[in-house]
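So TrEMBL lists the following for this protein:
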type: DOMAIN; residues: 4-109; note: domain 'Putative Na+/H+ antiporter N-terminal'
type: TRANSMEM; residues: 7-38; note: transmembrane segment
type: TRANSMEM; residues: 50-71; note: transmembrane segment
type: TRANSMEM; residues: 83-104; note: transmembrane segment
type: TRANSMEM; residues: 116-148; note: transmembrane segment
type: TRANSMEM; residues: 160-184; note: transmembrane segment
type: DOMAIN; residues: 165-445; note: domain 'Na+/H+ antiporter NhaC-like C-terminal'
type: TRANSMEM; residues: 204-227; note: transmembrane segment
type: TRANSMEM; residues: 248-266; note: transmembrane segment
type: TRANSMEM; residues: 272-290; note: transmembrane segment
type: TRANSMEM; residues: 302-321; note: transmembrane segment
type: TRANSMEM; residues: 341-359; note: transmembrane segment
type: TRANSMEM; residues: 371-396; note: transmembrane segment
type: TRANSMEM; residues: 431-448; note: transmembrane segment
Amino acid sequence: MLSNAVVVSVLVMVVLCVFRFNVLLSILVAALCAGLFSHDLLQDSGDTEFLAVDFFYNFLNSIVTTSNILIGGMSKNLNVALSYILLGAIAIAIANTNIMHAMIHTVARGISNNNIVFILSIAFFACFSQNLIPVHIAFIPILIPPLLHLMNKLQIDRRAVACALTFGLQAPYITFGFCFGLIFHTVIRDQMLANGVEISLSDIAGVMWIGGLAMLVGLLLATFVFYRKPRIYRASIKQSLATTNMGWREYAVLFGIIVTFVVQLLTDSLALGALIGLLSMIALGGIKWGEIDLIMEGGLKMMAFIAFVMLVAAGYGEVLRESGEVQSLVSLMFGMVDSKLTGIIFMLLIGLLITMGIGTSFGTVPIIAAVYVPLGTSLGISTESMILLIGIAGALGDAGSPASDSTLGPTSGLNADNQHNHISDTCIPTFLMYNTSLLLFGVVGAMIL
């Protein structure tokens, strides 16, 4: 198995990521390794007099062939990458107005002094950042620091709040096909289509609610069981939320958000919806003419890296498919796996390992789909089960990965007074609460469907 090109390349990628090598470069290096170890992509120069020349020729041609396949495969995720960047621009446009401050001020006033209600309220309002008002993690540094004084007074364990925020950042895109959720579901659909399985977005939405339910169970366990006991922190300096007024600019941006939401529902195209939404904001004055470049640059800074990770991941998945090594790996694994249950558990654990390494569920899906679809077919797994396995395997590790936005975002707000550790107070609690429940629901759901 260790001589298989797919196994070697995935191990190289995971090891590089674990040692904090750049994720984008890790995937590129792994793709080249897949090409070099693949018999189908290894170019034979024929008989030459010098062995060194023959080796160099084969090496060079294999790299060229692999890079061409990689670049060709990247085109399959262009729509998703464009959607991500345009959503980033919308998030910056929202952040440049008083919308987020006004919304957060309303939210903060409505949050209860009851510990349980407080934590669940944070989770509920955080969900809006992924589907309704797509600001991603930008709301956390604004909302959370002014609430730290109240958390300290109520002796709320911040690990529970970290779990609540991670729930709001992850559960909506897993469950609902809107905004970031539409991107995630589209990636799953496109990658399954690329591997020969015909599905629609409605098929994905009809299954992925199981992943959302698993996240909800994890949230309730964190809130009511594991992190319910009082925890004492040093007194923080009390911060107040600035009161802000809603003007024409804010309402123009809100209208653009509504346009984005409606167009994506009508067309199933988030890129088109985000583009028309941005143009609406510009036309109505929500984005000033002189600020357009700054808004677009801000969107690129926020989302371009993850967009390119998704592009390269799609190219990497294409290299794995073209390597000719997937089927041999599937045959080998099929001989090792003695039951459908064992195969499902193995597939989910592989997804957990990859996502923990690269830190993004969106980038994991193209990689695992190249292996999961043929392996699932050989094990007799239904299409619905394959959707669930790919979706949950991609989401596994997003909560708990030190490099994931789902953990970096909560820490940025909760550590404003230097009393919250990224690893022990965010990564470990979210890893335990959500990955455990996702694994359990993934196994049971895939066996039943």
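Each residue, glycine too, has its Cβ placed from N, Cα and C.
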So which of 204-227, 248-266, 371-396 is most in touch with the transmembrane segment (83-104), counting Cβ pairs under 8 Å?
248-266
Going through 7-38, 116-148, 272-290, 371-396 one by one, which has the most CB pairs that fall under 8 Å from the transmembrane segment (204-227)?
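Checked against 7-38, 116-148, 272-290, 371-396; highest Cβ contact count belongs to 371-396.
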Given the model, what does the mean pLDDT over the domain 'Na+/H+ antiporter NhaC-like C-terminal' (165-445) come out as?
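When the pLDDT values over the domain 'Na+/H+ antiporter NhaC-like C-terminal' (165-445) are averaged, the result is 81.
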